[in-house]
Amino acid sequence: MPRRRQSVHLGSGSDGTEDSDSSAEREQTNSSESDGNMPKRTRLTRASLRLSQSSQDTPDVKRVGDHDESPPLTPTGNAPSSESELDISSPNASHDESVAKDPALRDSDKDLSHRPKRRRCHETYNFNMKCPTPGCNSLGHLTGKHERHFAVSGCPLYHNLSADDCKVKATTREKHEEESKVQEESNRHATRHQMPTSKQTRYKEQVTEMRKGRNSGLPKEQKEKYMEHRQSHGNTREPLLENITSEYDLELFRKAQARASEDLKTPQEKLRIQGQITEGSNMIKTILFGRYELDTWYHSPYPEEYARLGRLYVCEFCLKYMKSQTILRRHMAKCVWKHPPGDEVYRKGAISVFEVDGKKNKIYCQNLCLLAKLFLDHKTLYYDVEPFLFYVMTEADNTGCHLVGYFSKEKNSFLNYNVSCILTMPQYMRQGFGKMLIDFSYLLSKVEEKVGSPERPLSDLGLISYRSYWKEVLLRYMYNFQGKEISIKEISQETAVNPVDIVSTLQSLQMLKYWKGKHLVLKRQDLIDEWKAKETKRGSNNKTIDPSSLKWTPPKGT
């Protein structure tokens, strides 16, 4: 009697519709039960075993398509991609028997050779959050300001100190800093070329006296002590530094170490020290995104059942997040998305920009915000996406349009903010895409005939990118300017940059002077020549936005 046809429900996404077979995998070790062409040890899911059995029992019965809910069709109406398009990184993973017997699918597997291997981006952080120094209990900090540390740079034991010693040194440094501030306040209104005071002269003599014996050799006993310390601890401890130089220079070195340990803390360590991340808290450490494995920088409020896994699998086209690679593989086999939803408003070469309405594509925009929070510190908006428009930049190849970065802007901004949040994905950083996103936001402001500015506060990387962009815009304007008098208002109208941002950039470039009751803009030819030389060196391959490739009209209302 023929076996009844079985329907297979595949895939799961961020909507929580997970198949019961997605988390269970078993090893098939008996080679007599598998096909001769398959290896002896093959990892098969229950769904694939049912498919193989049904194909052997009823070869004339066609396979039933899955009835699970699939993502919406893209504007181009692309058909669902086959499972042969997947990037299978595990050598043990294989298709089921029914797929292997299909010659069309078997031939399509050859097309995977052109796909690049999955790459890992960014250095891995110490997510165990314990000091790696042997014998250290992570208590105290080299700066003396914190109760715990999680890196060698802040470990008192590594620097041959105790937590109490660090606190005493921190108190002494604070007293010296307060005395220096008081001295600066008293000397603020003094003449510029005043003679050194008697106190300063005595201090200079004391420093000179302390430094007299710093070049003298060490006694034999101290040398043996230092060698014994080096042999017993190796590279796990800092070498003993006492009596190698003067106490004054050693104290300066300790002060520099403490300041460096404060600056070198990773984002996760800062959150741990501040108490925002506890020992058992959930934090996603890595995400699998397309052919990249990315280390995260900050905490993102994904649902607890996903965050506690530590590793997330994200579809690079629809941005749905999943729990395992098996679920991701099944999802990719039926995901029809090859580019972001919305309207394509810009295309030049492989670079495209899509305008996505947060009201029409709410789930996609929420997933985009959750993904961006993994790499942004100041982002606080995750779910209220309806008042915003998202401009998503992609790079296209034969597999689809891959996410490069995005920026969001309010539909109706009373302060004329042209950017609310901006992000370049880590695998595309330091390649010019950040400036392209900024330039595109100002291009939209020009079309709207408005003067724009990014919403504050900016992240550290965002501030660096914007300052670099404003500098380049001003120097280009100065280079092309042929008149004798220049005004900040004219620069603002032509470049769509806010006058406040122009003034701050001119001040940082030392191109704004106050003379005889007027503010003057100086044309520094050395900076212009330096910018022109860099522009020439970049050549025609420089990533820029072409205004003629924009096909966009300002949206009316909300």
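First residue shown is number 1, and so on along the chain.
Backbone N, Cα and C define each Cβ position, glycine as well.
What you are looking at is a predicted structure, and each value in this text was computed from that prediction instead of being measured.
What TrEMBL lists as active site, proton donor/acceptor is E455. Here TrEMBL flags 45-56 as compositional bias 'Low complexity'. What TrEMBL records for 59-70, 94-114, 170-188, 202-212 is compositional bias 'Basic and acidic residues'. Residues or ranges marked as compositional bias 'Polar residues' by TrEMBL: 75-93, 539-551. Per TrEMBL, domain 'MYST-type HAT' is recorded for 279-554. As annotated by TrEMBL, region 'Disordered' applies to 1-117, 170-223, 535-558.
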Exercise. Counting every protein chain present, what is the number of Cβ atoms, excluding its own, within 10 Å of the Cβ of E455 (active site, proton donor/acceptor)?
Worked result: 17
Exercise. Per DSSP, what is the residue count of the compositional bias 'Basic and acidic residues' (170-188) in each of helix, strand and coil?
Worked result: 18 helix, 0 strand, 1 coil
Exercise. Can you tell me how the residues of the compositional bias 'Basic and acidic residues' (202-212) break down into helix, strand and coil by DSSP?
Worked result: 10 helix, 0 strand, 1 coil
